[in-house]
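Data first, discussion second: the structure below is written as structure tokens.
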Amino acid sequence: DILAAFRVTPQPGVPPEEAGAAVAXESSTGTWTTVWTDGLTSLDRYKGRCYHIEPVPGEADQYICYVAYPLDLFEEGSVTNMFTSIVGNVFGFKALRALRLEDLRXPTAYIKTFQGPPHGIQVERDKLNKYGRPLLGCTIKPKLGLSAKNYGRAVFECLRGGLDFTKDDENVNSQPFMRWRDRFLFCAEALYKSQAETGEIKGHYLNATAGTCEEMIKRAVFARELGAPIVMHDYLTGGFTANTSLAHYCRDNGLLLHIHRAMHAVIDRQKNHGIHFRVLAKALRMSGGDHIHSGTVVGKLEGERDITLGFVDLLRDDFIEKDRSRGIYFTQDWVSLPGVLPVASGGIHVWHMPALTEIFGDDSVLQFGGGTLGHPWGNAPGAVANRVALEACVQARNEGRDLASEGNEIIREASKWSPELAAACEVWKEIKFEFQAMDTLDPSSDK
């Protein structure tokens, strides 16, 4: 069975058992009345069952309802169909004040019907020939308004300075100021030039997201013809069907696939309604993507440490044990489906490097947009500062130093022999984003 954990807030006067049963029925075989055609099938075989209900500690009138769905209710290899059933009409149900899908366990038999990420972590490292450290990226800013040639120039400067990747912003598709074909050509030129100068393999996430699936694949084909190693997709705005199609194309044609999660906060930010990001992350691993943005814990965007690490491990590891202290409601076996690299991006700079290296470990991509392009000396020195900071943190960690307590000292030491890093340290020493996360763990959910 596919198991789901829902956070249910019933309307006043509706008992939790009734609310849980209503969720199970409406998201499987039920409708609002008894119909004659019920007698033509075996409802016992196909109906969802609410098998356990527990109150949420510290929250009045909130319950976690566990529902089991028979596997035959779902089309093989279709995240779209899975979500249409589990989070379809039921979210508009009048008997509920609010409803949130907290976690999902897909059985191994169902996981095996998905291709998953086009390549996965190990194959990506082999393609790029980069081992033993996180990968470094940069989102080109300003995100909108640059001409293709100026955009390509910024890409070259960042890659030349020592970054592994640069990135199209999620809103960059094919606008009047920069059509996609021109951008792809100038970025490919920047790639080849920076590779020749540094001797390292470089990549730029060429955003293939488009208004139709056909146009999206056309852009991916052009990227492949240019010899680009990686393309990009906005998987929530583009949709799971489009994403799975692109992931299949990428595997067949040797392209890596970077996934941006634009629109996720609309779905996952409220604690009592929507879908938790850990479910969207699992769905992405099934649908296909080699990288996905996962929050930073320390930057400008939402994300509590334990919750973030919970779904970061869900993306990378082959087997995850149930651990309510990190918000993981079910044990999940990925049966060798390739892993996805989490991408930390959003409001981070060189002073965050020790924390990011410690939190995310080697199998991650650390992306500094403003933290590269905001360097007072320019784009290339900004890239140099980030690369030096990363190498210093990795070396310190390998020597057994504690990045959590000695992080600032490690960065200060490194800045003595890197003027670029020293300048970056001076600019960003005061910037902090200290707000309480909206989506937090429940008080005693460490069962």
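Heads up, the Cβ atoms here are built off N, Cα and C, so glycines get one too.
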#### Entry: Residue among SER28, SER42, SER194, SER345 sharing the substrate site, where Swiss-Prot lists ASN89, THR139, LYS143, ARG261, HIS293 as binders
SER345
### Query
What subset of the recorded positions THR139, LYS141, LYS143, HIS260, HIS293 lies within 10 angstroms of ASP169 (Mg(2+) binding site), using C-alpha positions?
THR139, LYS141, LYS143, HIS260
### Task
For the substrate site as recorded (ASN89, THR139, LYS143, ARG261, HIS293, SER345), determine the largest distance between any two Cα atoms, in Å, rounded to the nearest integer.
37
### Task
Have a look at the recorded positions ASN89, LYS141, LYS167, HIS293 and say which one has the shortest Cα distance to HIS260 (active site, proton acceptor).
HIS293
### Query
Which whole-number value in Å describes the distance between the Cα atoms of ARG261 (substrate binding site) and LYS167 (Mg(2+) binding site)?
14
### Task
Tell me the Cβ neighbour count for LYS167 (Mg(2+) binding site), meaning other Cβ atoms within 10 Å of its Cβ, over all protein chains shown.
29
## Note on the structure
In the three-state DSSP scheme, ASN89 (substrate binding site) belongs to helix
